[in-house]
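Listed in TrEMBL:
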{"type": "COILED", "residues": "B:121-165", "note": "coiled coil"}
{"type": "DOMAIN", "residues": "B:239-316", "note": "domain 'tRNA intron endonuclease catalytic'"}
{"type": "ACT_SITE", "residues": "B:269", "note": "active site"}
{"type": "ACT_SITE", "residues": "B:277", "note": "active site"}
{"type": "ACT_SITE", "residues": "B:308", "note": "active site"}
């Protein structure tokens, strides 16, 4: 009964049903089967709409709760002393030092030094301490901090955050990290979609003078079209002609949609002062071949906005535009239309084209076998089914072009919004009847 | 009246101004050139009979079209206006005709389809309630969970069957007979009176006078009826930004209609309401507007629930308010509207679990 209802709702609200999978409550009866006293416990039962006077619901609840407690009380907990990793917080650096680093987390976190130690950023330090992957200590001046250890509690760690912004960034970092994403701060990232410092502002100035010409043409056109004599001066033989005359009136912002346009708009903006909405985090989808030294450009970029901070506000249009101009990630609208697109050919690492620097390392480490395997894997996924121009247009309008994630903080609740630039002004959707008659269109 | 043209023929033209029809031009036949030239110069795009509009009220002006054929013309050529007694297309007279005069109407007016669907849904819910009662009965008797599961499975199956039967069996809503009160609807010669008229949104009326000369008034008269003679820029700002956005979408081929039922300013149809669902909801904002976060999120939730894309359309003024106001007094609408620039973003909830790949 419940399911039927659920399906009905799902049909009505397809995009929202995304949420359901995420928010499923943990089913302890599954975990209970792994514990020692594994008996067959019922799955999560049917849920009723309202109390019906019987104790069926209570019984189900009791069983589920019992499953949870049985599991928790019978599992072995604690950590092995040998695997303990100690990290020392350095108040001057606002970072933490790990003298003997080991563990899986090193794939995506921390910065390795030549002497074999690892420095953790503060948010990485807190995250790992909360997870129990490291044990936090304080590195105090003037004492032998390695032998006279000063352990820190989780509460202490939270007191060491320097600002609300830092704390918010940490929450978003931690949230995405727990969900399996690879997250890094945007500062000192060496990878970029944009080639460093080649274009100058002269290109911008040139395009400005170019733009003036069509402006004049438009003005003259509009003067004629919006005069009472327009139909005496001009005759329209098709609907597109009428539309084209209409759409000269309202100017609109154009979203850059090609690689060249992206690079051009980028350079016009970079001289400005730092934005009020800095891009704080780079996010990669979970993947196994991640290299923190050369991660490539991220899949998403995150801007954080605290809804309850009176000094912050939802970005205005110009602030949004500014954020768009600072974006530097895998602009998915470029790779989606091109099957052969390889991001290594279109991004730079430390000023050099990635395909030139990274490819060498790759072939040395992984060998050719892994590469060919990967390409085989990818192929069946992406079916080279050409989409009709109509459908492609819809996708362009719906998904937009440059986009970023706005993480909205509300007292520890994080909601993500994807904001993308879209451009209705460059797309015409008027209906062109597909007539087979050979009418001359001029 | 009962006969309906297929929608492709009925909604052939997307705008009330039609392109001129020209005969085929045959390159090796000079007579066809002459005829073609004659046709070219003899025909005109404009309407010979402009559509008559009336105004009601003073403070909140209603702009209405009363003539039957003109109402239909505006609806069929670009879906302008809303029937006051209908959902959108002015179908009241037809529906009444079907109800009173002949019962062979197939009930394919949109309103009737919806009514029918709602009835079916109600029946289904009743059925479901009955089954819930059965379950409760079992519980009261102290049935085990296993028994309950069995019953649930059984009920689910029978409900599914019921639903499929329901959709296949066409249960027409019961026919109504003529009531006394219905007699008032007839004229002396036994025809049904037209009580409905087509109401235009102010921006629609502006589009149909300023951009396309379709209505029998001038843009200046229209704006005078709408806002009087404005003293401050604030009096006209809202109308201007609404019109700018409306014109922007209309001119790129969209059919823009009021989005008030989805909490937004416009709904965008690629062709028109009878032909497909709207896919975009547009909300107008000034380029420097700052709203509370809840304003954005609540609207996004409504729009996503209706399976549409949420577009925030920002309007930026390129001229000073004084210039705009001066132009308004001069009736220079062309310059006014072209000194606003629009930019759009889409706003979507992003769910981490669905983007992990």
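Using the three backbone atoms N, Cα and C, a Cβ is placed for every residue, glycine included.
Keep in mind that this is a model prediction, so the values were computed, not measured.
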If you count Cβ atoms within 10 Å of each one, which of the active-site residues B:277, B:308 comes out on top? B:308
Around the C-beta of residue B:269 (active site), how many further C-beta atoms are within 10 angstroms, looking at every protein chain? 21
Helix, strand and coil residues within the domain 'tRNA intron endonuclease catalytic' (B:239-316) as assigned by DSSP: 29 helix, 23 strand, 26 coil
Round to a whole number and give the Cα-to-Cα distance in Å for the pair residue B:308 (active site) and residue B:269 (active site). 11
Distance between residue B:269 (active site) and residue B:277 (active site) at the Cα atoms, whole Å? 7
Looking only at the coiled coil (B:121-165), what is the mean pLDDT? 84
